[in-house]
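A.B. asks: What follows is a single structure, and I will ask about it in a moment.
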């Protein structure tokens, strides 16, 4: 054990022994002075803390000092009753306060007890109780605020953990203070009881056992009792004051003295008013001018100096701001900072600020947290922090979604309205402002609150503005997920997988494939909305086939085949027939013959006429399925699947292209159309 730990343990054991063993008067004098010194230290530390958690040991220290003070009371009581003397400190306090007048000493002692018990201790106890209750009630809101700041990119993960820990420590601290304040209250009550015991017991022992007269017994034991009470209550009063300062102290950037000076004396005009009031009291009341005028002059002089200092500081601040602005313009670092591009940005006009303001009931930040979780579950992608900011250059009700600095989606919202999407037919009784649903481009209406229930009964899909934004943002993230997965993000996924599958990761990276190779395969999967959450199966497949080829297109096809169960469940329901558009033999041969092999990989080199014909044929089949309410799915052989995808990728990106080897054998397939040349 360290010396500090041994010292603390020895001190606590010594406090307990003080209650049992007799203590000589000289040692008691030393301990009483230590008690007063300790109380002063605690008070000064409490005054100089910037926030309560900087003195988090205070509840435990409060208990120890209370126990120490009670042990001293017991020791002095034993000496008073047994020897009629309790050391020079007790005698000096009693004689100095009483000054020969026993009644004066008792009154002073009672005043101290009343001030401590009724005013300071009672107030501290109540404040601690309220602070503990409000701290616990505010915990959920603080946790949500931390999550919102983390999601908005204002803090990182480490800062979020530190803030959560601080919230927990605050709750623990104020809860402990609520309980520890009861010890201070009990200590004040015990002091009154000990006072009566010393006084009554001393009279009885002095008269009955020591043969003292009533006057001598009164003089001796009254002085000792008053001294014992004062030497105990003064440290108790200091510690009670420290307790009140701690629980009433709010977080600030300075200590109590600095805050008092800054906040209480920061209004020179008010000091002028107070100075004039004090001067008028001396002029128009019996109070002597010699008492009021110096104070009024001092206040007026202080107000004058404060006003001058404030004006001087204001000028210095303005000059410093101008210099900083000039320096920022000239500094090359200011240009470098502009090169930083956020992965995802959500900008909105000032009219949409209530969506993101939690104080106005906005829940957009909470919805973004859910979006990130949803994308992690559905795509296996850790969505980067979404930067949220207002933009005065946008229309008041407009918002813009950017991926790596480029606008990928936008829309306009009407707060206090609902977006109603038609069920396929128009109800003339439902009126509103015509618009398009931003995520899917469906015709819709902005309706007011009064029309909402009627629209829902008519079959309309009615959503609120935050849901519109959340849906739009989710769809754009899914559409551009492959752009959000770079090498650094892939490294994060690899490190996370390595914690549970170190052998698999070490076998694949870097001996077989590099991080860049793995990133290309994962990005190609995300480009076609295939989840990469099952990284174990993906890495197992890459480890098997990466030894034979480094072509990301070929490796992606192998991975897709390994994920056949996942792909089957993604595009078909159990027990239902999978309706697809198949590729005719002529088109299949045309695509296979148009594949060119190079050292960098293979690519499709089909002539423009054939490509245009394929577009036209596919459009006819797809439009026919869409009109019948079916999801178009293209089904091709494994050898041409990725090349067919390349043909339609630019114009029909949302149409899934599957191969026979990617579907489970038990899936029933029905061809509802054939594309051929």
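Placed from the backbone N, Cα and C atoms, the Cβ positions cover glycine too.
TrEMBL does not curate its annotations; it predicts them automatically.
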A.B. asks: Looking at 303-330, 331-358, 359-386, which one is coiled coil according to TrEMBL?
C.D. replies: 303-330
A.B. asks: Which stretch, out of 102-120, 121-139, is listed as transmembrane segment by TrEMBL?
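C.D. replies: Residues 102-120 are the ones TrEMBL records as transmembrane segment.
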A.B. asks: I'd like to know if the transmembrane segment (230-250) touches the transmembrane segment (30-47) in this structure, counting it as a touch only when three or more C-beta pairs sit under 8 Å and are separated by 6 or more positions.
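C.D. replies: Answer yes: the transmembrane segment (30-47) meets the transmembrane segment (230-250) with 3 or more Cβ pairs below 8 Å.
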A.B. asks: I'd like to know the mean pLDDT over the coiled coil (303-330).
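C.D. replies: The average pLDDT of the model in the coiled coil (303-330) works out to 76.
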